[in-house]
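Notes to accompany the following structure.
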Amino acid sequence: MENNSITRDRVVGNDRTFKEFSCQICQNLLWEPHSCSSCHRILCEKCMQKWFNNPLNRNTCPFCSKPSEYKPCAFLNQYILPYLRIRCRNENLGCKQILPYKQLEHHETADCQYLSEQCMKCNQLILRSKLVEHQQRLEQCISCPIKCTICKNSFEDIDFQAHFTECYQQKIDQLNTNIDFDRNMERHIRDNERITPNSSL
Ligand SMILES: [Zn+2]
Ligand SMILES: [Zn+2]
Ligand SMILES: [Zn+2]
Ligand SMILES: [Zn+2]
Ligand SMILES: [Zn+2]
């Protein structure tokens, strides 16, 4: 779903639910989640495509670095995500509806009484019926800073794309460091377990 990042404030429920089912890279709620055939870690479709479209990444997983294929994550799609409830993206325009995950896209693109489109010039969500009028009004159609979902900083429109690419790469590097750390801890714990019985003799 284009232009529809599901941020924390749109998901009904506690922080834990959101954290558990958000994409580790863009930090939005998982949309079309895909998991690695090797390590089973999960990414949203957008982040997965962004990663695999970069030839430098040579079809390896960002997390386990093994040659990998990402497949739609059937378990989440079937048993977890359908139970989440999300506020319509047009809440600021007047829509107070809260939708089950699976109905959200249809609602926002067809059923909503406040159908909106993202203005190409300023990136704001604007009522579809008011879009032309909006773009003629210079005082309304001003490019507003875009907030990076990863680092939470705001950027001017023209700087955003470059920033996001960089921020995205940093996030992956950081995740990899954490994973190395986890692996070391695991090894450490295993080694200790091995040592303990002997040393108690
Ligand atoms: Zn993502
Ligand atoms: Zn992997
Ligand atoms: Zn709506
Ligand atoms: Zn605009
Ligand atoms: Zn950022």
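Count begins at 1; order follows the chain as displayed.
Quick reminder: no glycine exception, Cβ is built from N, Cα and C everywhere.
Features reported for this protein in TrEMBL:
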type    : residues : note
DOMAIN  : 23-65    : domain 'RING-type'
DOMAIN  : 106-161  : domain 'TRAF-type'
ZN_FING : 106-161  : zinc finger
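Shown for the domain 'RING-type' (23-65): DSSP residue counts in helix, strand and coil, namely 11 helix, 7 strand, 25 coil. Over the zinc finger (106-161) the predicted model carries a mean pLDDT of 88. In the zinc finger (106-161), helix, strand and coil residues by DSSP number 20 helix, 10 strand, 26 coil.
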